[in-house]
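Below you'll find the structure, written out as C-alpha cells, and then a few comments.
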Amino acid sequence: MFSGSIVALVTPLDTDGEVDYTSLKNLVDYHINAGTDGIVAVGTTGESATLSVEEHVKLVMKTLEFSDGRIPVIAGTGANATHEAVTFSKLFRDSGVAGCLSVTPYYNKPTQEGLFLHYKAISESTDVPQILYNVPGRTAVDLLPETVARLAEFDNIVALKDATAELDRIAITRELCGDKFIQLSGDDATALEFVKMGGHGVISVTANVAAKDMATMFALAAQGKFEEAEIINQRLMPLHQDLFVEANPMPVKWATHRLGMITHPDIRLPLTELSHSAQPVVEQALIRAGVLK
C-alpha cells in the first residue's frame, strides 16, 4: 500500500505569505515525472502547524486535483488536540486521499495510554488508512512499539513513519505487529539501512530536491540491489545531513527555491528563511549530490 520513496512535500508560499498554487502544481508534476511513489501533502515539512484549517484542507484538495490520480496523495492530519486531528480525518474521508499521516501530539506530552486513545479516536472516525508518525525529537513524546502494536489491531491503522533513527525498533515492531504492518523511515540518512532491515520505504525530505535519485534508490532496494542503491545513497548523504543544518523545513524550502522549483523561499513565522551562514552549506550539499551544477 505504502512503499518506496514518498516525498514529504514542502508548501510553497508567495511573498505575502499566501500559498503559491502555481508552484505547488509544478512540484506535483515534478514528482510524478521523477517516479516518486507518493506525496504527503501538508505534513510537518509542509508547515502544517502554521496553516489555517481552511488553507490546510484546500492544499490537500489542490494536491489531489493536480495529481489527477497519477500518484497517491497522503494527507497530513496530525494535531496536538485529538478533536482537531479527528476533524481533519473526517474532512478527508471521501476526498480520494490514499491515507492520512498523523504525527503524535506535540508539546502536551501525553502518556502511552493517551497516545493510544488519541489514535483510537482518529481510527474510529474514518475508514481512510492511517499512518502513525513518531518523531520524538520534535514532539517530546515517544510512541513506543508496544503502543504501536495495540494500535495495529485497528483495521485502518496500517503503517508507522518512524523518525527515531533507532534501527533496532524495526525488528521489535515487526515482531509485535506482524509482517503486514508497514514501516516507513522518517530519517533520510538511515532510510536505506531501515529498508535493508525490513522496512518498506521512506517519507523523505531529500526527495523534495532529488526525487528521481530517491525513487531509483528505493526501487533498487526493493529488488534487493542494495550495493547499487548504496552508491546513490552515498552521493545523496550531504543532502540527508545538511537539509537539517537548521530546523526543517527551512533548509529544504531554500533548496527548492535555489533549484528554481518554487518561485519564492518564503516560510511562515516563527520559522524564518534559511540563515545566510547556512545557505552555502546547503548549496554545497546540492552540488555534491549532483542536483545543482
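Cβ from N, Cα, C; glycine included.
DSSP gives Tyr133 (active site, proton donor/acceptor) a strand state. Residues or ranges marked as active site, proton donor/acceptor in Swiss-Prot (evidence: sequence analysis): Tyr133.
Swiss-Prot lists Lys161 with the feature active site, schiff-base intermediate with substrate. Within 10 Å of the C-beta of Lys161 (active site, schiff-base intermediate with substrate) we count 27 further C-beta atoms, all protein chains included.
Residue environment of Thr45 (pyruvate binding site) contains 23 other Cβ atoms, counted within 10 Å of its Cβ in all protein chains. If you look up Swiss-Prot, you'll see Thr45, Ile203 marked as pyruvate binding site.
Within its own chain, Thr44 (site 'Part of a proton relay during catalysis') has Ala8, Gly76, Gly78, Val103, Tyr133, Val135, Arg138, Asn248, Pro249 as residues 6 or more apart in sequence whose C-beta sits under 8 angstroms from its own. Per Swiss-Prot, site 'Part of a proton relay during catalysis' is recorded for Thr44 (among others).
In the three-state DSSP scheme, Tyr107 (site 'Part of a proton relay during catalysis') is classed as coil. When other Cβ atoms within 10 Å of the Cβ of Tyr107 (site 'Part of a proton relay during catalysis') are tallied across all protein chains shown, the result is 8. The site 'Part of a proton relay during catalysis' annotation in Swiss-Prot covers Tyr107 (among others).
Cα spacing between Lys161 (active site, schiff-base intermediate with substrate) and Tyr107 (site 'Part of a proton relay during catalysis'): 19 Å, rounded to the nearest whole number. Ile203 (pyruvate binding site) counts 29 other C-beta atoms within 10 Å of its own C-beta, drawing on all protein chains shown. It is 23 Å from the Cα atom of Tyr107 (site 'Part of a proton relay during catalysis') to that of Ile203 (pyruvate binding site).
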